[in-house]
Amino acid sequence: MSTTHDQRPSLSPLNLKFNNTYAHFLPEISASVQATAFSNANWLIKSSDVDTLLTNRQINSSSLTTDIALNWFAGIDTHPSAQPVAQKYTGHQFGQYNPQLGDGRGLLLGEIETDNGRFDIHVKGAGQTPFSRFGDGRAVVRSSIREFLGSEALHYLGIPTSRALGVFTTGESVQRETIEPGAALIRVCPSHLRFGHFEYAYHQGDTDLQAQLVKYCLYQVLPQQHIDLAQLQQWQASEAKVSLAQEAQLMYRFIIRRTAEMIAKWQAFGFCHGVMNTDNMSVLGITFDYGPFGFLDKYNPKHICNHSDHNGRYAFDEQPGVALWNLNVLGHALSNLMPEAAIREELEKYEPHILATYSELMRTKLGLTKHKTEDRALLGELLAIMQVNQTDYTITWRTLSEISDFDQHQQRFVDLFLNREQARTWLKKYQTRLNFEPLSQNERSEAMCRVNPKYILRNYLAQQAIKEAEKGQLQKLNELYQILKTPYKEQPEFSDYAKHPPSWAEELSISCSS
């Protein structure tokens, strides 16, 4: 008989078992590390939804948000099946190759099998590792809360992302630009494989490691995604002799497709990652390694969310091109495994796929179910007047969604624009286009409200919650987290969280410091 979340048994080593496939298959890029013991660790925030995601009914698995589990995450106790490792990888940072990278403060405790597949359990801020260089291996409350809220917010919006089981305070004070309270984040995702793993193997000239990485990714990681890898299944069924080049190309094709889908969603929702270095790119096409990220407030396609990005390399409108550049780098790292023609063949699929995905997302945001050639121009005109009038990206889309009667409700939309005539002119074109749609106005409005969120994680909201949490006051943090779990619902009691950001929010400066 299956148990509910509340009925899961008390935690013991018997009903939780870590697998260690990464360390087993890739020992050359695994460094065994004992986590720093944080004897004063306390839970700051935890996700019951992620805890439930990690359920394994076959072994009647335990909750991972208990104090016993916290002792494992905080290095106070060691689970007998855990083999904590820090991963070695390299990468291109702001376009320059850096060979001195790796998990400088993160530890992969292992993987657990769940009803929903295999998941890595990773502690970010677990202490120093062989790859810490001059870092202290710590994380702080500020950055840990930001990643917790950011990853969970993206998940509930429907954007592929790593998840966060929780954040715990360490009881330490950590030196950053100022002294800050220490914390660590428990990150959960199907795999931590990055583009940078393949770059390391390539630059080492280690073809055996390259081959092992491809096979591990293709046969251990990707099948966990419940995707239709028809070619892989055909190979396995036929027991045909498959070349490494074929395997590398199939893996590369998957990575390109999933990366394109992720970036298209970033652009549709107005999400800016901030540090799209290749070591921050997941082979699964999930949003990964949150740093100075942010959602657009005023619609500005040139928006730079990372104040360390002086040249705007990772500006909002540069993200699709940067992702392609990163995929080129990955292709280069595979170039001695597969023919150059095969790399080009797969890369050429990126642009049409991201454009098709983005176009469909934006058509849905406009409430359009039929494809018409003029839709692209209609969208372009809306974005253009949003930029000129500096309207809020999320509020503009949500207000448009709420027009269920153009005679009565359009004024709220028009009033968002300094040049109201531009808004009225565009609305007339939009109404004309809607005449070709089968949905009633109410049906269209309801459908649009399901894809255009009312609530997003604005930087100033995160900052307010962080400041309170640093003082031990968690109400605002917990409230914000609950709101972000249902971003498309009205939640009228929390409508203040959906307002235009205050003027001081524009002065917030977010950097890579964590």
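Including glycine, each Cβ sits where the backbone N, Cα and C put it.
The ATP site recorded in TrEMBL includes GLY102, GLY104, ARG105, ASP136, GLY137, ARG187, ARG194, ASP289, and the single candidate from LYS124, LYS302 that the record places there is LYS124.
Among the residues the record lists as binding ATP, namely GLY102, GLY104, ARG105, LYS124, ASP136, GLY137, ARG187, ARG194, ASP289, the two farthest apart have Cα atoms separated by 23 Å. A separation of roughly 6 Å, to the nearest angstrom, links the Cα atoms of ASP289 (ATP binding site) and ASN280 (Mg(2+) binding site). In this structure, the CA atom of ARG105 (ATP binding site) is 15 Å away from the CA atom of ASN280 (Mg(2+) binding site). ASP279 (active site, proton acceptor) carries a helical DSSP state (H, G or I). Among the binding-site residues GLY102, ASP136, ARG187, the ones whose Cα sits within 10 Å of the Cα of ASP279 (active site, proton acceptor) are GLY102.
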